[in-house]
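Structure first, then comments.
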Amino acid sequence: MEASLQIGSLAGIPVKLHWSFLLVIPLFAWIIGSQILLTTELIETLFGVPINPTLITEGFNPYILGTVVALGLFLGVFIHEMAHSLVAKAKGIKIHSITLLILGGVSQMEETMPDPKVELPMALAGPLTSLAVGLISGALVYVFAAVDLDPGVAGVLVFTFGYLGLLNILLFGFNLLPAFPMDGGRVLRAWLAKRMPLSRATRIAADVGKGFAVLFGIVGLLLLNPILIIIAFFIYIGANQEATFLRYNILLQDVTV
C-alpha cells in the first residue's frame with residue numbers, strides 16, 4: 001500500500017500504518033471520552049466491580065483515557081492479524097505485511113488457491129486470539145480491583161482493561177459472523193469446501209457475505225451509523241473481489257504458458 005508507512009517488523013513480517021489510522025485514533029478518543037460516565041457504569045454492571053471515577057472524569061483525562069483505549073484496541077487488532085499471519089506462515093504461505101487501517105488491520109499474503117485445510121485454522125486463529133486477549137483483559141479487571149492501590153488509579157486501570165476486554169470479545173464475536181470475506185465467512189467457505197467444489201463453496205460464502213453487507217447497510221442507514229455503512233461497503237466489495245479472483249484462478253489453471 002503506497003499510503004502506508006512501515007514502522008517496524010515482527011517475526012520477519014513488516015508492520016505498516018495506513019494514513020487513515022491517524023484519523024481514527026483521535027475520533028475514537030473523542031467518542032470514548034465523551035461517553036466515559038456511561039461506559040463506566042456499563043463496565044461496573046457487567047463486571048460487578050465498583051469504579052472510582054475521581055481520576056477518570058478529571059479535566060482532559062476522559063480523552064487521554066480514550067486515546068489509551070483506542071491504541072489498546074488497535075494493539076488487539078494487530079495481535080489478531082499477527083495470529084492469522086503466523087498460522088499462514090507456519091503453513092508455508094508468504095506474508096508480505098500487516099497494515100493497520102481505519103477499520104482494523106489486514107494481512108497481505110501471497111495470492112494462492114484457498115486450501116480448506118489451511119484456511120480453517122488460519123481464519124479461526126484471529127478471533128480466538130481476540131477472545132484470549134479479551135478474557136485476559138477481563139481477568140486483569142478483578143486483579144486491579146483486588147490489589148491495594150489508590151482508588152483513583154485502580155478506577156483508571158479497571159476502566160481501561162474492562163473496556164479493552166469488552167472490545168476484544170466483541171471483536172471475536174463480530175469477526176465470526178459468516179460475512180465473507182471476514183473470518184467467519186472464511187470458516188464457512190472452508191467448511192463448505194470439504195463438502196462441495198471450492199468454486200461453489202466460494203460462491204455461496206460470497207452470497208452470504210453480500211447478504212450481510214446489505215443488512216449492515218440498511219441498519220447503518222436506519223441508525224445513521226456511518227461506520228456500519230462503511231463496513232457494509234467493504235464487505236460487499238471484498239466478497240465480490242474474492243469470488244472473481246477465484247474464478248479467474250480456476251480458469252488460468254488450465255492455461256499453459
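Heads up, the Cβ atoms here are built off N, Cα and C, so glycines get one too.
Annotations in TrEMBL come from automatic prediction, not curation.
Sequence annotations record features per position, and here TrEMBL assigns transmembrane segment to 21-40 (among others).
With a cut-off of 8 Å between Cβ atoms, the residues of this chain six or more beyond the transmembrane segment (60-80) that come close are 15, 21, 24-26, 28-34, 36, 98, 100, 104-105, 126-127, 129-130, 133-134, 156, 159-160, 163-164, 167-168, 171, 175. The feature transmembrane segment is assigned by TrEMBL to 60-80 (among others).
Marked as domain 'Peptidase M50' by TrEMBL: 70-143 (among others).
Outside the transmembrane segment (92-109), and at least 6 residues removed from its termini, the chain residues within Cβ reach (under 8 Å) are 1, 4, 6, 13-18, 20-21, 23-24, 74, 77-78, 80-82, 84-85, 118, 122, 227, 230-231, 234. Per TrEMBL, the feature transmembrane segment maps to 92-109 (among others).
Below 8 angstroms of C-beta separation, residues 43, 47, 49-50, 76, 79-84, 86-88, 91, 93, 154, 157-158, 161-162, 164-169, 171-172, 175-176, 183-184, 186-187, 190 of the same chain, each at least six residues beyond the ends of the transmembrane segment (121-145), sit close to that stretch. Per TrEMBL, the feature transmembrane segment maps to 121-145 (among others).
What TrEMBL records for 152-174 (among others) is transmembrane segment. For the transmembrane segment (152-174), the list of distant contacts is 32, 36, 39-40, 43, 46-47, 49, 51-56, 65, 68-69, 72-73, 76-77, 80, 127-128, 130-131, 133-138, 140-141, 144-145, 182: same-chain residues at least six beyond its ends, Cβ to Cβ under 8 Å.
Annotation source TrEMBL lists domain 'Peptidase M50' at 157-215 (among others). Averaged over the domain 'Peptidase M50' (157-215), the predicted model has a pLDDT of 93.
The transmembrane segment annotation in TrEMBL covers 212-237 (among others).
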